[in-house]
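S.K.: Before anything else, here's the structure in question.
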Amino acid sequence: MSITKESELQGMKKASEAVAFTLKEMCRYAEPGMTTQELDRFGASLLSSFGAKSAPYLTYGFPGWTCISVNREFCHGIPSSRRVLQEGDLINIDVSAELDGFWSDNGNSFVLGKDIHQHQKLIDASKEILHKAIYSIQGGVRLADLGHLIETEAKKRGYKVIKNLSGHGIGRSLHEAPAEITNFRDRYNQTRFRKNSVVAVETFISTTSTYAETLEDGWTMVGDKGGFMAQHEHTLVVTDGKPLILTEMNGIWN
């Protein structure tokens, strides 16, 4: 969507507060011995307290309120009573929701407890790259140039990007134009970021894979060559200068 009046900006801020607060608190709440279903139910209670509804459920019928992916699961992990979190797990939580007709999206990858499997370097790379990418965005910047920046920064650090996962426009629905804000330079994409547009920008930084494949459950995605992936995401408004990061309170850069 494009912000055309103050009421729209306020609507986006409220929806973004709901998802950002929920993501932050879910990351704090997670602990070894907890199931991903328990963690999802906690997230559901927080979103509900804002009057917000799960975006993946509303849009796709996803079997959960939030997506919780663990270790070699890259994204879209289904909350489960059988999946028990353990010390050192690489966890990704993606929280998106609708509130009063406005939609917002954010995500965070983190290590649960001690970094016994050495995932923190990958996580830090993803965070740093997202920060650099977001602060390069303003009206007129090519989406392809943003993708080039993300992939270049990943390669510098010895990592790859996932080419079939991307950020997207957002606002009045979960996925809007631009349909794909990729992590690589798509030379056929001449689209530019437009001032006042709302976008969800994400990094998908990987140790070995360059594509994500869907498992038999129809939702969970893993790497085509295995390995691990870190994802971080903010929803923002494009301006002529620094972007307005609507989900900043999620604290993923802290």
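Numbers run from 1 along the shown chain.
Note that Cβ sites are derived from N, Cα and C of the backbone, with glycine treated the same way.
Quick caveat, the model's predicted, so the values are computed rather than measured.
Copied straight from TrEMBL:
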DOMAIN    11-240  domain 'Peptidase M24'
BINDING   His76, His175  substrate binding site
BINDING   Asp94, Asp105, Glu233  divalent metal cation 1 binding site
BINDING   Asp105, His168, Glu202, Glu233  divalent metal cation 2 binding site
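Locate each feature and note its surroundings.
M.R.: The domain 'Peptidase M24' (11-240) scores a mean pLDDT of 98 in the predicted structure.
Secondary structure at His76 (substrate binding site), as computed by DSSP, is coil.
In the structure as shown, the Cβ atom of Asp105 (divalent metal cation 1 binding site) sits within 10 Å of 28 other Cβ atoms.
Neighbours of His168 (divalent metal cation 2 binding site), defined as other CB atoms within 10 A of its CB across all chains, total 17.
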S.K.: Can you tell me how far the Cα of Asp105 (divalent metal cation 1 binding site) sits from the Cα of His76 (substrate binding site), in Å?
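M.R.: Per the Cα atoms, Asp105 (divalent metal cation 1 binding site) and His76 (substrate binding site) stand 13 Å apart.
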S.K.: Given the binding-site residues Asp94, Glu202, Glu233, which one has the fewest other C-beta atoms within 10 angstroms of its C-beta?
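M.R.: Among the binding-site residues Asp94, Glu202, Glu233, the sparsest Cβ neighbourhood within 10 Å belongs to Asp94.
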S.K.: Could you tell me the C-alpha distance between Glu233 (divalent metal cation 1 binding site) and Glu202 (divalent metal cation 2 binding site) in angstrom, no decimals?
M.R.: 4
S.K.: Tell me the Cβ neighbour count for His175 (substrate binding site), meaning other Cβ atoms within 10 Å of its Cβ, over all protein chains shown.
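M.R.: The Cβ of His175 (substrate binding site) has 18 Cβ neighbours within 10 Å.
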S.K.: Starting from the Cβ centroid of Asp105, His168, Glu202, Glu233, which together make up the recorded divalent metal cation 2 site, report each further residue of the same chain whose Cβ lies within 8 Å of that point, ordered by sequence.
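M.R.: Sorted by sequence, the hits are Asp94, Ser96, Asn106, Gly107, Gly167, Ile170, Ile181, Ala200, Val201, His234, Thr235.
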